[in-house]
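Colleague: Shown below is the structure under consideration.
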Amino acid sequence: MSLYMLVSTFAVAFIITVIGVPLFIPFLVKLKFGQSIRDEGPKMHEKKSGTPTMGAVVFITAMLISFLIFSFISGEVSAATWLLFIALALFGALGFLDDYIKVVQKRNLGLTSKQKFLGQVAISILFYLVYHLNGFAETLNIPFTNIEVDLGWFFVIFILFWLVGFSNAVNLTDGLDGLVSGLSVIAFSAFGVIAFYQEQMDVAIFCFAIVGGMLGFLLFNKNPAKIFMGDTGSLALGGSIAAISILVHQEWLLLLIGIIFVIETASVILQVFYFKATGGKRIFRMTPIHHHFELGGWSEWRVVLTFWGIGLIGAIISVCVVIF
């Protein structure tokens with residue numbers, strides 16, 4: 001019965017997305033909701049200008065419909081259900097506002113950094129309050145041990161760092177056709193298996209709803225992309241995967257399951273630090289690091305496949321660590 005629920009959750013999200021995206025693309029084109037390409041980006045990306053964006057509206061809707069339907073059918077509605085709903089829906093809403101400013105007001109950077117950060121912090125605080133009021137453990141596991149450390153009120157700082165950090169990390173990674181879509185299929189599949197193994201069906205249902213939606217979206221987002229997810233999708237996915245890692249108490253494994261997100265973010269931080277420290281020198285040709293490989297002559301598809309492969313290895317190792 002449990003496996004049936006997971007397969008059904010996956011299938012419904014996948015089908016709704018596959019049907020919805022082709023219907024949504026002409027609507028976005030009619031409204032002229034096309035992606036603007038930043039001037040400092042790689043020149044080979046200029047051809048992507050005008051590609052419909054905000055496609056995440058479809059797959060987030062599909063995910064939420066499937067997730068809520070099968071959560072209620074299976075009787076697995078819990079506090080974790082609503083925490084995951086908060087992460088996906090509210091981070092998605094923040095991303096939608098950012099995308100709307102970009103495409104309607106033609107401001108390629110969307111919300112200011114301060115506005116986006118304050119929004120992320122507000123959502124993270126709400127997540128913590130619901131988490132705390134429902135009596136979830138405010139502890140962190142020490143990797144490769146059975147020891148848990150009670151953080152007390154410091155746990156709220158961890159929540160802020162984790163949710164804000166990973167929502168931004170996925171957002172930074174979303175720069176190549178299909179990259180984040182494919183990595184999300186891999187990462188959420190891994191957490192879905194872990195949640196199922198730990199008998200957390202509420203979380204597992206959520207994970208496989210996302211896998212279904214993302215696999216359906218990938219059909220249209222792979223190179224050459226017919227549609228982009230926008231910040232609507234990347235912020236929602238980043239916030240959600242951070243929330244899942246907390247709910248299954250495998251926070252540190254997210255660093256391995258989401259290793260590409262970590263590497264992409266680290267490349268930006270290193271580049272900025274080195275640039276300022278050396279008065280203008282660079283470590284990489286361009287960051288996030290996927291652009292470094294592009295400018296080194298790699299095709300976009302080669303970069304994506306390589307990064308998917310690294311993400312898959314990290315996910316497999318993580319699942320094995322938990323199960324074996």
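Glycine too: its Cβ is placed from the backbone N, Cα and C atoms.
What Swiss-Prot records for 9-29, 53-73, 77-97, 117-137, 147-167, 176-196, 201-221, 227-247, 253-273, 304-324 is transmembrane segment.
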Colleague: Thinking of Cβ pairs under 8 Å, which stretch from 53-73, 176-196, 227-247 has the most of them with the transmembrane segment (117-137)?
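Modeller: Top-ranked stretch among 53-73, 176-196, 227-247: 227-247.
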Colleague: For the transmembrane segment (53-73) and the transmembrane segment (9-29), decide whether they are in contact, meaning at least 3 CB pairs lie under 8 A, counting pairs 6 or more apart in sequence.
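Modeller: As far as Cβ distances go (cut-off 8 Å, pairs 6 or more apart), the transmembrane segment (53-73) and the transmembrane segment (9-29) touch.
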Colleague: What stretch in 9-29, 176-196, 227-247, 253-273 has the biggest tally of Cβ pairs under 8 Å against the transmembrane segment (77-97)?
Modeller: 227-247
Colleague: Take the transmembrane segment (9-29) and find every residue of the same chain, 6 or more past its ends, with a Cβ under 8 Å from one of its Cβ atoms.
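Modeller: The answer is 52-55, 57-59, 61-63, 65-67, 69-70, 205, 208-213, 215-217, 219-220, 226-227.
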Colleague: Cβ under 8 Å to the transmembrane segment (201-221), counting only same-chain residues 6 or more beyond its ends: which ones?
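Modeller: Long-range Cβ neighbours of the transmembrane segment (201-221): 2, 5-7, 9-18, 21-22, 25, 55-56, 58-60, 62-64, 66-67, 70-71, 74, 76-78, 80-81, 84, 88, 177-178, 181-182, 184-185, 188-189, 191-192, 195, 227-229, 233, 237, 240, 244, 247-248.
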Colleague: May I ask for the residues of the chain that lie six or more residues beyond the transmembrane segment (176-196) and have a Cβ under 8 Å from a Cβ within it?
Modeller: 2, 6, 170, 203-204, 207-208, 210-211, 214-215, 217-218, 221-225, 229, 233-234, 237, 241, 244-245, 248, 250, 253, 257-258, 260-261, 290, 294, 300-301, 303-304, 307-308, 311-312, 315-316, 318-319, 322-323
